[in-house]
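Listed in TrEMBL:
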{"type": "TRANSMEM", "residues": "196-219", "note": "transmembrane segment"}
{"type": "TRANSMEM", "residues": "264-288", "note": "transmembrane segment"}
{"type": "TRANSMEM", "residues": "300-323", "note": "transmembrane segment"}
{"type": "TRANSMEM", "residues": "335-359", "note": "transmembrane segment"}
{"type": "TRANSMEM", "residues": "365-387", "note": "transmembrane segment"}
{"type": "TRANSMEM", "residues": "422-444", "note": "transmembrane segment"}
{"type": "TRANSMEM", "residues": "456-482", "note": "transmembrane segment"}
{"type": "TRANSMEM", "residues": "494-514", "note": "transmembrane segment"}
{"type": "TRANSMEM", "residues": "526-548", "note": "transmembrane segment"}
Amino acid sequence: LSPPVFLLQYTDKEEVVLWMNTVGPYHNRQETYKYFSLPFCAGSQKTISHYHETLGEALQGVELEFSGLQIKFKEEVMQSTYCEIELDKAKRDAFVYAIKNHYWYQMYIDDLPIWGIVGEADENGEEHYLWTYKKLEIGFNGNRIVDVNLTSEGKVRLVPNTRIPMSYSVKWKKSDVKFEDRFDKYLDPSFFQHRIHWFSIFNSFMMVIFLVGLVSMILMRTLRKDYARYSKEEEMDDMDRDLGDEYGWKQVHGDVFRPSSHPLIFSSLIGSGCQIFSVSLIVIIVAMVEDLYTERGSMLSTAIFVYAATSPVNGYFGGSLYAKQGGRRWIKQMFIGAFMIPAMVCGTAFFINFIAIYYHASRAIPFGTMVAVCCICFFVILPLNLVGTILGRNLSGQPNFPCRVNAVPRPIPEKKWFMEPAVIVCLGGILPFGSIFIEMYFIFTSFWAYKIYYVYGFMMLVLVILCIVTVCVTIVCTYFLLNAEDYRWQWTSFLSAASTAVYVYMYSFYYYFFKTKMYGLFQTSFYFGYMAVFSTALGIMCGAVGYMGTSAFVRKIYTNVKID
């Protein structure tokens with residue numbers, strides 16, 4: 001029998017399946033176990049095969065098991081016992097542990113999630129009680145289910161060597177909720193559309209206007225002055241010019257387009273960053289159009305699919321940059337570019353998977369799913385990356401720089417400590433982080449706590465603001481660097497934008513200790529492991545965006561200069 005899980009339209013008295021998903025501590029959202037890992041008993045009905053999950057669900061640890069309860073569409077069930085738990089000492093200890101750690105469980109009826117608490121302790125924490133009666137109230141509109149509510153009743157004290165009957169009842173009521181809007185009750189507009197959220201967007205927007213103004217002022221005034229000075233120097237005779245002091249960014253025109261150090265790693269990072277940016281853009285647009293939060297695991301499945309499909313972007317930008325910098329080992333560059341992000345994500349997942357297996361958690365990724373992800377890497381991402389690399393090398397791989405590169409590198413003069421690349425890199429990430437950190441709070445809360453993130457319009461705005469701020473900041477940093485006659489701008493522009501990631505990771509420590517009540521090895525390693533992956537990916541994306549903007553700027557200013 002195939003499970004009728006996606007039959008969204010029911011006929012009267014048709015079977016409605018109650019799926020048991022997972023159980024786990026309230027404060028550790030990702031630490032989940034199979035529902036029947038606690039010694040609950042199942043109903044008598046057994047005629048249903050296991051539900052087949054999607055890739056996203058398998059990665060997110062969704063473990064749907066049939067509850068065995070008989071529920072038929074529009075058929076009321078009075079309170080009736082569906083099974084009994086024979087409570088020996090081991091089972092009692094398991095329940096007491098679950099109650100002490102505030103365990104609660106999740107179930108699904110027709111894809112609508114329902115949550116219930118396992119039990120509770122009295123004030124002194126000495127006696128423990130189990131909720132034994134599930135009172136289900138299901139709302140229907142026409143022949144569709146639009147609303148489900150669960151009330152837990154029947155508090156029974158846990159005493160060893162007793163039998164505890166588990167019971168349920170089902171009540172059907174007509175509802176005016178439209179089928180399309182049935183998920184609205186799970187959203188939290190008062191949290192996501194809070195005044196602070198609007199205010200932070202407005203605040204970031206003002207910062208953007210200020211920064212764009214600053215950059216255009218630097219370009220207009222300073223560059224005009226520089227150009228005027230340089231063209232005046234053209235008119236002087238040779239004697240005057242030798243006596244006149246030469247300084248500023250024009251002096252490094254013979255070195256500014258010199259290939260960066262470690263061009264292989266550099267071009268792979270830029271390619272990966274461009275790909276992450278395109279993935280973010282596409283996934284946010286898809287999420288704005290389709291309500292991805294209504295289906296389990298659909299956000300993750302979409303992201304994996306889009307990441308695989310946008311591999312040519314990575315190959316194109318990485319390959320063309322590597323060719324421009326005169327790189328010869330392009331196949332190695334393509335492999336590094338293609339597998340950099342997947343290796344980072346899979347490495348972290350693999351490490352956390354060991355802990356999940358040790359804990360017997362439902363988050364342990366099945367072997368089949370791992371194989372599927374590896375197949376996507378080798379048979380989808382790699383070939384598409386190859387296509388992108390070949391296109392990039394042939395279409396835009398020629399080094400068409402506005403200035404010739406000198407044969408001998410020019411020595412870099414001494415400069416003040418705050419002009420050193422290391423200092424510029426550390427300071428470069430502060431403003432981009434400032435423009436996104438309120439949004440980070442909302443994104444973290446929807447991932448690590450029980451909120452469904454649905455305001456993707458906000459996310460889109462923040463992504464645009466982040467990109468503009470990053471480009472502006474890196475252009476200003478690069479201008480100062482070149483004026484100090486230091487031509488190592490490629491890595492500096494990438495790293496000063498990527499340092500945003502360090503600030504985001506530092507913020508995640510603050511969030512963990514002050515905004516959540518997580519505990520235990522599994523949840524902690526899960527949190528810091530995936531936060532590191534998220535921060536690194538964000539950093540690579542910002543770095544690539546910053547470098548692309550700066551590269552256009554550097555080209556522009558050196559194109560307009562008359563060079564002997």
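Every residue, even glycine, has its Cβ placed from backbone N, Cα and C.
Given the structure is predicted, the values throughout are model-derived calculations rather than measurements.
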Report summary line: One stretch in 264-288, 300-323, 365-387, 422-444, 526-548 has more Cβ pairs under 8 Å to the transmembrane segment (196-219) than the rest, namely 422-444
**Report entry** For the transmembrane segment (526-548), distant same-chain residues with Cβ under 8 A (at least six beyond the ends)
**Finding:** 30-31, 269-274, 276-277, 280, 317, 341, 344-345, 348, 351-352, 355, 363, 428-429, 432, 448, 466-467, 470-471, 473-474, 490, 493-502, 504-505, 508, 512, 518
Report task. Between the transmembrane segment (335-359) and the stretches 300-323, 365-387, 422-444, 494-514, work out which stretch tops the count of Cβ pairs under 8 Å. Result -> 365-387
